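Student: This is the structure I want to talk about, given as structure tokens.
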Amino acid sequence: MVNVVLGSQWGDEGKGKLVDLLVGEYDIVARSAGGNNAGHTIVVNGVKYDFHMLPSGLVNPNCQNLIGNGVVIHVPSFFEELKSLEAKGLKNAKGRLFISSRAHLVFDFHQRTDKLRELELSGASKDGKNIGTTGKGIGPTYSTKASRSGLRVHHLVNDDPQAWEVFETRYRRLVETRQQRYGSFDYDPEEELQRYKSYREQLKPFVVDSVNFMHDAIKKNKKILVEGANALMLDIDFGTYPYVTSSNTGIGGVITGLGIPPRTIKEVFGVVKAYTTRVGEGPFPTEQLNEDGEKLQNIGAEFGVTTGRKRRCGWLDLVVLKYSNLINGYTSLNITKLDVLDTFKEIKVGVSYSVDGKKLESFPEDLLTLAKVEVEYVTLPGWEEDISKITNYEDLPENAQKYLKFIEDFVEVPIQWVGTGPARDAMVHKEI
């Protein structure tokens, strides 16, 4: 049985907290897309664990963890993150953590060219804005993957006597191509080659054929939780292109990023922040560049775990959520950070878009259209009381329940969990 946790907006919805809540019930936690370009924090017994690339199922000592073929891996960061987690007391990680042999490798030159490409794109764009990359080399790695010139984990750990020679040749070809494209840049390819050579033996114990790994687990009726990265509105196909990440962050990426058939997926949990945030550039129809936006930012402590960048803030956009549900097919929702709205007298919710007075029937794919949309809001009464100590759904203020019911009715998906505060256990469960 496979269940999936996916972000429904532009990321930073609080997926990690739900995974943290659920992980004790699962035998395996898997990641299917992205790299170390996203992050979340999990608190266990007062200890904070920061996750970027590694599956957060590592906090459960009885859980196996898989980094799937759809993930791109910067090997130095992999070991640094593992070392950091172990230094905080995480035990037996090495026997419970596995990497797909088909996952592509991120190199330092990918990270250098990521930043150069960002400058190039911002200089060529009409408004001078950039995509807002994290600079982790994710996009350039997926680019080499798509062009069939990338290097995968199995290329690095292959025991064939000629394997390292082939690896070196392909690696140097990749570097030369980028030097031809961008000229000379601060980078020592020979040093990185030797570093990766030293990683070969260290990495081998982690590497598995992930297709066999997953299908063997499914055959044995193991409970598997897939931990989504980023969110649907950052999906390379369905997000606000080009202000997106470079992988499929929706349900399709789970299937291709782990090599599992759709019929194995039972539940899809959509994680929804009670308002909306976005990091970096790109369309954001319900953004509030005013006192309300600042209030959401300050109360919600909206800063990125990976980049530290301030998040843009606005009201909940149900047009986005409904569109997200069309693609991902959520079986239930987790509304997070509802407590951030505790002090608002009135709360607005975006329910439709129009351009030049004409209502749009669906979420627009074109940024020129999206830039012109006028958002129609419904104003709901706030509850103006602290909900952080509430443990039962029925004890939530009446207006808080009405707010949640409005979301359920609009999207036509039941809400199963509600985040009521920053504490690990500040989550109300609702029977569905």
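Note: Cβ is positioned from N, Cα and C throughout, glycine not excepted.
Relevant sequence annotations retrieved from Swiss-Prot are reproduced here:
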- 11-17, 39-41, R311, 337-339, 419-421: GTP binding site (BINDING)
- D12, G39: Mg(2+) binding site (BINDING)
- D12, E13, G14, K15, N37, A38, G39, H40, T134, R148, N230, T245, R309: IMP binding site (BINDING)
- D12: active site, proton acceptor (ACT_SITE)
- H40: active site, proton donor (ACT_SITE)
- V305, T306, T307, G308, R309, K310, R311: substrate binding site (BINDING)
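Could you place the listed features in the three-dimensional structure?
Tutor: Around R311 (substrate binding site), a 10 Å sphere centred on its CB holds 21 further CB atoms from the protein chains shown.
In three-state terms derived from DSSP, G39 (Mg(2+) binding site) belongs to neither a helical nor a strand segment and is classed as coil.
When Cβ atoms from all protein chains are considered, those within 10 Å of N37 (IMP binding site) total 27, not counting its own.
Sequence-distant neighbours of D12 (Mg(2+) binding site) (same chain, six or more apart, CB under 8 Å from its CB) are K273, T277, V279, E302, G304, R311, listed in sequence order.
Residue density at H40 (active site, proton donor): 22 other Cβ atoms are found within 10 A of its Cβ, drawing on all protein chains shown.
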Student: Hey, does DSSP put T134 (IMP binding site) in a helix, a strand, or just coil?
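Tutor: T134 (IMP binding site) sits in coil per DSSP, no helix or strand.
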Student: Pairwise over D12, E13, G14, K15, N37, A38, G39, H40, T134, R148, N230, T245, R309, annotated as binding IMP, what's the top Cα to Cα distance to the nearest Å?
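Tutor: With D12, E13, G14, K15, N37, A38, G39, H40, T134, R148, N230, T245, R309 as the binding residues for IMP, the largest Cα distance is 34 Å.
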Student: Nearest to N230 (IMP binding site) by Cα distance: which of the recorded positions G11, G14, H40, L338 is it?
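Tutor: Nearest candidate: G11.
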Student: Other than its own, how many Cβ atoms are within 10 Å of the Cβ belonging to G39 (Mg(2+) binding site)?
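Tutor: Step by step: centre on the Cβ of G39 (Mg(2+) binding site), count other Cβ atoms within 10 Å, giving 18.
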